[in-house]
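> The annotation Zn(2+) binding site is assigned in TrEMBL to 6, 9, 25, 29.
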Ligand SMILES: [Zn+2]
């Protein structure tokens, strides 16, 4: 039987269809984890990552030659 650790409390959880909360050991742990994802820390992390990517894309765009048809036709 495959066992996983509950992401919230690290309890060993049997990975079986009857376990509705897997990979969590119980509904409480599942809700705690969902709550953490919705918390501010995760939101800030996501925003900074997005800003980083946007900055990289801006840098990359500057290196591109001006978009004209001859560049695509060769
Ligand atoms: Zn748990």
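The backbone N, Cα and C atoms fix where each Cβ goes, and this holds for glycine too.
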> So if I draw a 10 Å sphere around the Cβ of residue 29 (Zn(2+) binding site), how many other Cβ atoms end up inside it?
19
> Where among the binding-site residues 6, 9, 25 do you find the Cβ with the fewest other Cβ atoms within 10 Å?
9
